[in-house]
Amino acid sequence: MEFKLEEHFNKTFVTENNTAAARNAAFPAWEDYRGSVDDLQYFLIGLYTFVSLLGFMGNLLILMAVMKKRNQKTTVNFLIGNLAFSDILVVLFCSPFTLTSVLLDQWMFGKAMCHIMPFLQCVSVLVSTLILISIAIVRYHMIKHPISNNLTANHGYFLIATVWTLGFAICSPLPVFHSLVELKETFGSALLSSKYLCVESWPSDSYRIAFTISLLLVQYILPLVCLTVSHTSVCRSISCGLSHKENRLEENEMINLTLQPSKKSRNQAKTPSTQKWSYSFIRKHRRRYSKKTACVLPAPAGPSQGKHLAVPENPASVRSQLSPSSKVIPGVPICFEVKPEESSDAHEMRVKRSITRIKKRSRSVFYRLTILILVFAVSWMPLHVFHVVTDFNDNLISNRHFKLVYCICHLLGMMSCCLNPILYGFLNNGIKADLRALIHCLHMS
């Protein structure tokens, strides 16, 4: 992520004392590239400021929302919180130092920062990318093993510790192979006195190319493969579950059409209500009545006392006092209200509505995951292609437009820090409610 001006001008910086002549021969004239972004410097300042503020505020909101409910956090939300933290580091370490080096054409932060800052830039970007891989792996595990025990907080801590360890290990060569080069010594101009460049000084081209290829594999190709495999598995699982429900609904419809008689024949074959209620009440109808709506009919007074209770002589007068769904059992002075039965048509309609909702959600998940993959691929591809091209054939980019092309590629990479809070936070149902509550609290305060 650091400004690799030296890659365009000198491919090999041998760390011996007799390299001044080689550097003078390798570097072009200072005026050839000095004014490459002069016409757009204010535009670049505004664009970098906008992207940096947007990325910083978005990731800060995600981090605050995750920390607000840290006692109820899941493994995915824990990883998303760490992703927001690493993206904040990317914004803080990459944007200001890169923009300053591009616009001022020199390194102004001292020799110690020349060794430290490229290392921190590389670690922050690499950790952010490795956390994306971890989120993809966790989602893949949840889809493939839904019945197994959920991942605990200890698994999240282990993943984060592994990610940061790998980040420090992979980027460890950068502090060693960076040095501060004086421009006066390099270009032989008195106007460039007291101006320095922070450049990579690898022992040979093979070391530099090997490091560039390793970063390409770890920071771009491997995450892209993991994201694609994980999200394809998620979409496939949702699609398989949806098709299974549709097939089961079609089978039920075929069984109903084949075995059930028509509504007209069923109405003709209906038995009278009183006869129906006199048949095996306990065996057939015990589940159709609600205990909450049971009521006891008043028993007639007088000579009927001490005898078996019977239904009043005029049951119509009693039934008129009850709800329309109530039934009177002959010979038993108790009334129950029948539970409403769901017809097969209503059940089918409910299942169809459920399938429609699942289809809508599956399309939403598919679009969101596809956009997530495309955002990562499009935002980081130009910068990695730029580094590979400048390592193998720097003549493809002219001296004057070198810094401008680099700024465009670098800004596209920085855009991922602005879009990650939206894709992983604001579109995440587990974090969306917390974000709304947090924004409301901030607005009220």
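Keep in mind that glycine also has a Cβ here, set from the backbone N, Cα and C atoms.
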Task = Consult Swiss-Prot and decide if Q41 and H155 are found on one and the same side of the membrane.
result = no
Task = Quick one: which of C114, C122, C295 does Swiss-Prot link to C198 by a disulfide?
result = C114
Key: Site from N10, N150 that Swiss-Prot describes as N-linked glycosylation site, others unannotated there   = N10
Remark   = Spatial neighbours of the topological domain 'Cytoplasmic' (428-445) not adjacent in sequence (6+ beyond its ends, CB under 8 Å) are 61-62, 64-66, 68-69, 74, 76-77, 80
Key: Alpha-carbon spacing, C114 (disulfide bond) to C441 (S-palmitoyl cysteine), which is rounded to whole Å   = 42
Request  = Helix, strand, coil: count each for the residues of the topological domain 'Cytoplasmic' (428-445), based on DSSP.
outcome  = 16 helix, 0 strand, 2 coil
Request  = Across the whole of the topological domain 'Cytoplasmic' (64-77), what does the mean pLDDT come to? Round it, please.
outcome  = 77
